[in-house]
């Protein structure tokens, strides 16, 4: 019969072996990797937490660190990617003013460059998201950064419409789309409990980039000319992309098999309803962001410089708003619950836009509209991520919805423009249309929530 001291020594050895097995895995272990380390068990040792007999589905379960420098560094990398993907796109309004006023290109023709850029930014997500799931997230982001920086740089040499369309619309758009989905997939894989907060903090990069790029181009064009202003924006893009690529480190092994589109996901009512809501959301939300400048100039009498300042104001308020709504979603309400309220608030603001008649009210509206849009976009990604339980499918399922939304972003602004033209340059019909679309989107998210939880309104989701 063993002595109590001998049993105690064996128990300590068992615990140390298990801890050593976990330590050997690294910062972001999975259950399967932990069981790969051989452990000799004593009859006096309790059954280890990670047993070789564990079911295969449990063995492959991903255990995110949910904190620490390695995890938050991926949030920083995604923050930089968001600044590039959506911040650079936000500067197109400044480029458009130059193309129309200086190059004499038709406004409707130039707007297709911006629409194509946003369309490809969303549309490339299905392809890049699947590559991220296959284990090529970092390589995909590096390739996308090369496209984005190349397009931004070659824009400085463009003087013809077709050149601008290929450089800024196609090349840059493809690059921005390739880098977006993999970064979201990587960042979300490092978090579970704090995922909503992490992704909302990462989304703050959108607002920061929406300040840096437009202000850089707007400030430099009168001083050094368009070419050097565009090259300066390309240099900022290079610095942002270099920082993101240096930080980005995928956490989980790739899923080599699997199709580009996971059709089975659309058989899940919560996911399919959320996909429909996302389409409606992006069908209506870009109307306000694209046309707030032209409304200020054509209806309110703002100068071109003043109208761009409205864009900067709406982006600036998003910097503190996004982490705040992320904290609310993460700890108190749940991302989908906050997204419902944020989407409805965008619709309410578009309805309120019909009552703007003074310059002061225009600035106030821009600030509150920025709060609503930032809340919406800050919780969209966490909401979509919450409907995907398998981290190895995050990129694919995220990219599928983003690609669907690409058609909404391509159709939304032209629809609003057609309504404005039909109304003789008045915006009321387009404002009512946009508000109605956003309210419909919020109601569809409510349907998605009910499909996921039933009629349990106190559930945090």
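Glycine residues also receive a Cβ, built from the backbone N, Cα and C atoms like all the rest.
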Feature transmembrane segment in TrEMBL, mapped to one of the ranges 53-72, 233-252: 233-252
Matching range for TrEMBL feature annotation, region 'Disordered', among 39-62, 87-110: 39-62
Segment assigned the feature transmembrane segment in TrEMBL (from 12-32, 432-452): 432-452
Tertiary contacts of the transmembrane segment (197-221) (same chain, 6+ residues out, Cβ under 8 Å): 71-72, 75, 78-88, 90-91, 93-95, 98, 183-184, 187-188, 190-191, 228-230, 232-233, 236, 240, 305, 308, 311-312, 315-319, 321-323, 325-327, 329-331, 374, 377-379, 381-382, 385
Cβ contacts under 8 Å made by the transmembrane segment (110-129) with residues that lie 6+ beyond its boundaries: 85-86, 89, 92-93, 96, 99-100, 140, 144, 161, 164-165, 168-170, 172-174, 176-182, 185, 260-261, 282, 286, 290, 394-400, 402-403, 405-407, 409-410, 413-414, 417
Segment proximity, the transmembrane segment (273-292) to the transmembrane segment (336-356), 3 or more C-beta pairs under 8 Å: yes
Beyond the flanks of the transmembrane segment (233-252) by at least 6 residues, Cβ under 8 Å: 28, 30, 62, 64, 70, 73-74, 76-78, 80-81, 83-84, 88, 91, 132, 135, 137-138, 141-142, 145, 148-149, 152-153, 155-156, 179, 182-183, 186, 189-190, 209, 212-213, 216-217, 391-392
For the transmembrane segment (399-420): best-contacting stretch of 273-292, 312-329, 362-387, 432-452, by Cβ pairs under 8 Å: 273-292
